[in-house]
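S.K.: Quick one: this structure, given as structure tokens, is what I'll be asking you about.
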Amino acid sequence: MCGIVGAVAQRDVAEILLEGLRRLEYRGYDSAGLAVVDSEGHVARLRRLGKVQVLSQAAEEHELHGGTGIAHTRWATHGEPSEENAHPHISEHITIVHNGIIENHEPLRELMIGRGYRFVSETDTEVVAHLVHFEQKQNGGTLVEVVKRVIPQLRGAYGMVVLDNRDSSVLVAARSGSPLVIGRGVGENFIASDQLALLPVTRRFMFLEEGDVAEITRRDVRVFDKSGQLATREEIESKVSYDAGDKGAYRHYMQKEIYEQPMAIKNTLEGRFSHGEINLSELGPKADELLAKVEHVQIIACGTSYNSGMVSRYWFEALAGIPCDVEIASEFRYRKPAVRKNSLMITLSQSGETADTLAALRLSKELGYLGSLAICNVAGSSLVRESDMALMTKAGVEIGVASTKAFTTQLTVLLMLVARVGRLRGMDAQIEHDIVHGLQALPARIEQMLSQDKLIESLAEGFSDKHHALFLGRGDQYPIAMEGALKLKEISYIHAEAYAAGELKHGPLALIDADMPVVVVAPNNELLEKLKSNIEEVRARGGELYVFADEDAGFTSSENMKIIPLPHIEEVIAPIFYTVPLQLLSYHVALIKGTDVDQPRNLAKSVTVE
């Protein structure tokens with residue numbers, strides 16, 4: 001959600017800022033803007049409603065010279081999408097961009113109006129601009145000193161960058177609940193909400209921690225921690241590919257990322273097998289001692305990550321014999337959970353910056369959990385830094401808002417973790433052997449399945465005029481049905497719901513008619529005969545069935561039942577495998593409906609506010 005880019009350099013930075021915004025478009029936004037300050041303190045600000053391309057075209061018509069600047073893509077929270085509400089916001093010589101939500105903006109707005117300030121937008125960000133201006137006018141000091149005095153007045157989440165056009169040599173950044181990363185250059189430095197924005201200009205990064213305030217000049221970066229003391233933050237060399245944001249020959253990022261899944265899973269497995277066993281030595285030398293004590297697993301996540309957690313619940317209990325609960329982060333953090341003895345908290349997040357998941361992790365430290373383990377796709381993210389242990393998915397950068405390869409690599413890591421914990425609890429060695437064999441075969445199996453893309457594309461037309469869809473699964477395929485429904489609603493805007501197939505008689509059956517497509521995932525397992533009975537219930541009521549079935553499951557297509565035969569797959573990896581055709585189905589339905597596949601309306605890739 002929202003994107004920030006800033007630069008302090010000896011060269012003109014407007015194009016650096018615009019390119020950074022282009023590389024952040026995946027985060028979701030409705031307007032964009034930038035401000036550039038030249039050496040004489042003249043500010044040039046441009047803001048436009050709509051895409052970054054609109055802003056870029058406007059920039060070509062203006063003189064945007066200057067070595068210091070900030071830019072922003074806005075996802076509307078306070079105030080409608082409009083040019084007036086777009087960032088940057090200005091209060092005389094103070095210019096600011098901001099991600100997050102200032103919860104006490106209304107009383108602060110009244111306070112500033114009482115002090116004689118006039119507001120030209122509906123945003124909470126303009127409040128902060130006026131606060132900084134007032135504080136500097138009243139009490140003086142350097143910009144970083146002023147920002148440090150303003151921060152205690154703010155309640156909520158923010159990642160902000162401030163400049164004072166009277167001193168164009170410095171930017172000040174502050175982070176609380178919304179990520180910021182500093183890019184180090186030679187005689188120039190940068191800041192952004194995601195390192196991807198800065199890869200064209202640097203590969204050296206420094207991640208700000210919670211409560212940090214940073215003073216950024218061309219030659220130096222000073223970081224102050226939440227106590228106001230000078231702090232050192234580790235500088236890392238990014239391994240993210242420069243062209244990670246390139247679609248290549250694919251029409252959409254989502255399509256590219258679906259097809260990247262075999263390689264993403266290979267990368268995630270690399271180095272994690274040893275002598276036919278799962279090797280997770282990256283957890284550290286004390287991990288086995290801690291994991292051997294685990295008597296319960298609590299998984300916390302949001303969205304697609306929640307669905308992967310739901311799958312792993314079946315694995316933890318059936319394979320490792322450990323009770324497991326899965327909860328939505330935004331629910332967990334606002335109740336009073338009774339923590340079980342020796343419970344391990346596992347958090348799941350693609351970005352590692354999901355606001356509710358981070359808040360739940362921080363809460364867990366007060367509740368007496370045995371330890372915390374993050375499964376994440378972004379090294380150096382807040383979730384990784386703040387957890388006791390971390391396992392990285394190695395999916396590579398995921399741009400499409402609708403998660404694909406991050407989901408399947410999360411499941412891959414979770415299954416490896418189940419095997420590792422299970423071994424410590426005396427799990428049958430044959431089970432781990434089956435998991436290892438299944439995971440090693442998985443990339444090739446998915447490659448084989450992707451060859452069915454044209455067949456799946458031919459089914460999409462049947463959804464083009466539908467307003468609702470139902471997804472059914474049983475056992476560990478029920479969360480896969482949930483994920484399939486989520487994908488369809490995210491990118492095609494068709495209302496889709498998922499149910500455990502055994503629940504049909506308890507309500508959903510009332511919805512079945514000829515206008516209700518019903519998608520079923522049907523691997524050849526011990527629940528197949530039960531599932532066939534559920535399918536017959538739908539057929540008897542005229543529902544239009546689309547059954548993704550094991551080729552050995554004994555299904556044949558009929559007038560209102562289309563069978564999509566899939567290769568037989570080892571049961572332990574079937575949930576990962578059956579995810580992919582549902583991703584393809586959703587993608588092709590969205591193409592037919594003409595929606596914005598990579599940036600669906602009202603959604604953002606990284607949900608960094610509550």
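A Cβ is built for glycine as well, from the same backbone N, Cα and C atoms used for every other residue.
Taken from Swiss-Prot, the feature active site, nucleophile covers C2, and the record attributes it to sequence analysis. What Swiss-Prot lists as domain 'Glutamine amidotransferase type-2' is 2-219. According to Swiss-Prot, the feature domain 'SIS 1' maps to 287-427, an assignment based on sequence analysis. Annotation source Swiss-Prot lists domain 'SIS 2' at 459-600, citing sequence analysis. Sequence annotations record features per position, and here Swiss-Prot assigns active site, for Fru-6P isomerization activity to K605.
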S.K.: Can you tell me how the residues of the domain 'SIS 1' (287-427) break down into helix, strand and coil by DSSP?
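M.R.: Across the domain 'SIS 1' (287-427), DSSP assigns the residues as follows: 64 helix, 28 strand, 49 coil.
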S.K.: Please work out the number of neighbouring Cβ atoms within 10 Å of the Cβ of the residue listed as 'active site, nucleophile', leaving out its own Cβ.
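M.R.: The answer is 26 other Cβ atoms.
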S.K.: Let me know the DSSP-derived helix, strand or coil state of C2 (active site, nucleophile), please.
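M.R.: Assignment for C2 (active site, nucleophile) reads coil.
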S.K.: Within the domain 'SIS 2' (459-600), count helix residues (DSSP H, G, I), strand residues (E, B) and coil residues, in that order.
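M.R.: Residue counts in helix, strand and coil order: 69 helix, 32 strand, 41 coil.
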